[in-house]
Amino acid sequence: MVLTDKVYFEQYRALIGKDIENLVSQFDFIEQNGDLGYQTQVSAVYSSNIEGNTIDLNSYMNLTFAKEKFKPTKEIQEIEDLISAYKLAQETNLNEKNFLKCHKLLSKKLVIASLRGKYRNDKVGVFGQSGLVYLAVEAEFVAEVMKEFFEEINQLLSSAITIEEVFYFASLIHLRFAHIHPFRDGNGRAARLLEKWFLADKLGLNFWKIPSEKYYKEHQSEYYQNINLGINFYELNYNNCLPFLTMLPNSLK
């Protein structure tokens with residue numbers, strides 16, 4: 001899979017791509033979604049919820065409003081760390097170095113210090129109720145695969161592409177990253193942040209406000225089902241990627 005190849009773009013455009021410009025124009029970036037700071041909190045809460053964090057948005061916001069400040073629990077701290085990662089991304093250029101800095105922030109409560117902001121050095125799989133459902137690329141190849149991954153992202157960032165293509169590639173970046181699974185933990189949170197970072201880098205700061213994390217949480221079963229394209233990194237069938245790619249623009253509806 002080469003990100004810059006537009007193998008599925010015409011099918012994507014027929015399904016939803018041609019509607020994206022209209023969906024964006026109808027999306028109220030100001031009235032419906034509050035300021036960027038609040039929407040960043042919303043994004044972090046829902047992205048954490050997808051990973052099993054039980055603190056809902058209402059509870060989190062009320063804790064931030066509370067006059068009495070308590071020592072944050074592990075789950076609260078996970079959200080706070082992810083907010084810090086989003087804020088760093090919003091203030092910096094999208095590249096591999098800055099992305100690793102974001103992982104270092106968001107993974108403070110997820111992995112030991114030596115693994116934060118570092119690619120994994122061991123085998124990792126994704127497990128479901130029935131056992132192993134996906135085996136990621138071997139640890140010894142992660143750094144090289146990620147180098148190529150960011151070279152392709154850099155090529156896209158420096159290219160003039162349409163808004164339809166931006167959404168298409170943002171989702172494909174999310175999907176491909178999830179399949180590489182380069183970290184010991186924090187891959188899902190990092191993938192969703194990366195998707196939105198690419199959008200905002202190409203289309204503007206307001207695109208951090210898109211409620212993609214909320215949409216993925218509300219369609220969590222579908223989200224995981226659509227990511228699952230094969231049993232291991234070498235047997236992924238991207239011919240089945242369109243259901244996942246259409247989820248991001250659907251979050252605007």
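Backbone N, Cα and C define each Cβ position, glycine as well.
Computed from a predicted structure; not experimentally measured.
For His181, the entry in TrEMBL reads active site. Listed in sequence order, Val124, Val126, Ala136, Val137, Asn187 are the same-chain residues at least 6 apart in sequence whose CB falls under 8 Å from the CB of His181 (active site).
Sequence-distant neighbours of Asp185 (ATP binding site) (same chain, 6+ residues apart, CB-CB distance under 8 A): Ser107, Leu110, Val111, Leu115. What TrEMBL lists as ATP binding site is Asp185, Gly186, Asn187, Gly188, Arg189, Ala190, Ala191, Arg192, Tyr223, Tyr224.
Positions annotated as domain 'Fido' by TrEMBL: 94-247.
Sequence annotations record features per position, and here TrEMBL assigns site 'Important for autoinhibition of adenylyltransferase activity' to Glu51. Every protein chain shown contributes to the tally, and the Cβ of Glu51 (site 'Important for autoinhibition of adenylyltransferase activity') ends up with 16 other Cβ atoms within 10 Å.
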Tyr223 (ATP binding site) to Glu51 (site 'Important for autoinhibition of adenylyltransferase activity') - Cα separation in whole Å: 12
Integer average pLDDT (0 to 100) for the domain 'Fido' (94-247): 97
Pairwise Cα distance for Arg189 (ATP binding site)/Glu51 (site 'Important for autoinhibition of adenylyltransferase activity') [Å, integer]: 8
Glu51 (site 'Important for autoinhibition of adenylyltransferase activity') and Ala191 (ATP binding site), distance between Cα atoms, whole Å: 12
